Amino acid sequence: MIISATSDYRAAAQRTLPPFLFHYIDGGAYAEYTLRRNVEDLSQVALRQRVLKNMSDLSLETTLFNETLSMPVALAPVGLCGMYARRGEVQAAAAADAKGIPFTLSTVSVCPIEEVAPTLKRPMWFQLYVLRDRGFMRNALERAKAAGCSTLVFTVDMPTPGARYRDAHSGMSGPNAAMRRYWQAVMHPKWAWDVGLNGRPHDLGNISAYLGKPTGLEDYIGWLANNFDPSISWKDLEWIREFWDGPMVIKGILDPEDARDAVRFGADGIVVSNHGGRQLDGVLSSARALPAIADAVKGDIAILADSGIRNGLDVVRMIALGADTVLLGRAYLYALATAGKTGVANLLDLIEKEMKVAMTLTGAKSISEISGDSLVQELGKSLPAALAPMSKGDAA
């Protein structure tokens, strides 16, 4: 199979993975309007072509939280990554490390902090939720710090899980889910051998280190579902500051006032994100939310963005709309499921090449030169959010 784009990896992942796993990462909340809009809105951002600019000394390098990145991209925290390839977090982290960009380990990763961190040359980032069990949160923060994690990504848009209808149809949840997953695995022997049999243990490593070994993955998921905390407030973040003195990034910001609150709190960064369309369907795409947030806090706090990014052009678009760096989620999961570390490394190479083409043809020699001037019109001005059509497309 010829791989030339994220869409090729998506198609390959759909063939490789049991449906319950493919649709878990590919799907979103409710009717998936926001999921689709994440991609569609970003694709409508028109780049401004410039010529005869002598682009021979182009550079993608940037700095974030005193770390040098080879390009303004980091791998986002993705739960159950180790179910998409054997010890998937280790493989994805290795690809990011070799590329010179950060890898973010999810709270609900299969591989624990202690398995992933020692394999890397650069410090990884760690993502954490606010949970009712504050003992677990403190334990996770202490372990992340001991392992040398440099940056905490604090996810705040999940006080309760979103309703993901596709999961009930795919076998991730719903009636007879365990039996359906079993037969799906039987019908996908490559995955069953590589991950199902040889990728064990199939637990949530960061949680099992705290709770001990449960009887099955469902036990972890049940514990986690009962621990999401709808009472979350800025006071919880103040408590976390007692145990974490490194850079803290607040993930899940879609409103300028929340961004201002993050600045007032003293956060080091925010992620403009709708959780990849997996939480509240019908909210703004990240591309639509980003310009107003950048207008409110640009220069006061580092701005990261995710949701809908599929290629290097999308990275340039997000930066032109106001982001300093972007996070890749689904795109790298598709590549990981297809070809492990090699797939993720190849995807990152593709994104780098696409960024270089986009920057060369828009006249931006460095990341700092990508701005609103790189666009024909900003998305919010060229297509008002209230008038944007709802149309079908690939999952975001």
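One-based numbering along the chain as shown.
Note that Cβ sites are derived from N, Cα and C of the backbone, with glycine treated the same way.
In sequence order, THR155, ASP157, MET158, GLY162, GLY252, SER307 are the residues near HIS275 (active site, proton acceptor), counting only same-chain partners six or more apart with C-beta under 8 A. Annotation source Swiss-Prot lists active site, proton acceptor at HIS275.
Residues annotated as substrate binding site in Swiss-Prot, with sequence analysis given as evidence: TYR24, TYR129, ARG164, ARG278. TYR24 (substrate binding site) is surrounded by 23 other CB atoms, counting those within 10 A of its CB over all protein chains shown.
Sequence annotations record features per position, and here Swiss-Prot assigns FMN binding site to SER106, GLN127, THR155, LYS251, 306-330. All protein chains shown were included, and the count of other CB atoms within 10 Å of the CB of ARG330 (FMN binding site) stands at 28.
Taken from Swiss-Prot, the feature domain 'FMN hydroxy acid dehydrogenase' applies to 1-380, supported by sequence analysis.
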Spatially closest candidate among TYR24, TYR129, ARG164, ARG278, the listed binding-site residues, to GLY322 (FMN binding site) (Cα to Cα): ARG278
In three-state DSSP terms, the structure that VAL326 (FMN binding site) belongs to: strand
Reduced DSSP assignment, ARG278 (substrate binding site): coil
Maximum Cα-Cα separation in Å among residues TYR24, TYR129, ARG164, ARG278, which the record lists as binding substrate: 19
When distances run from the Cα of ASP306 (FMN binding site) to each of the binding-site residues TYR24, TYR129, ARG164, ARG278, the nearest one: ARG278
Cα separation, ARG330 (FMN binding site) to ARG278 (substrate binding site) (Å, whole number): 12
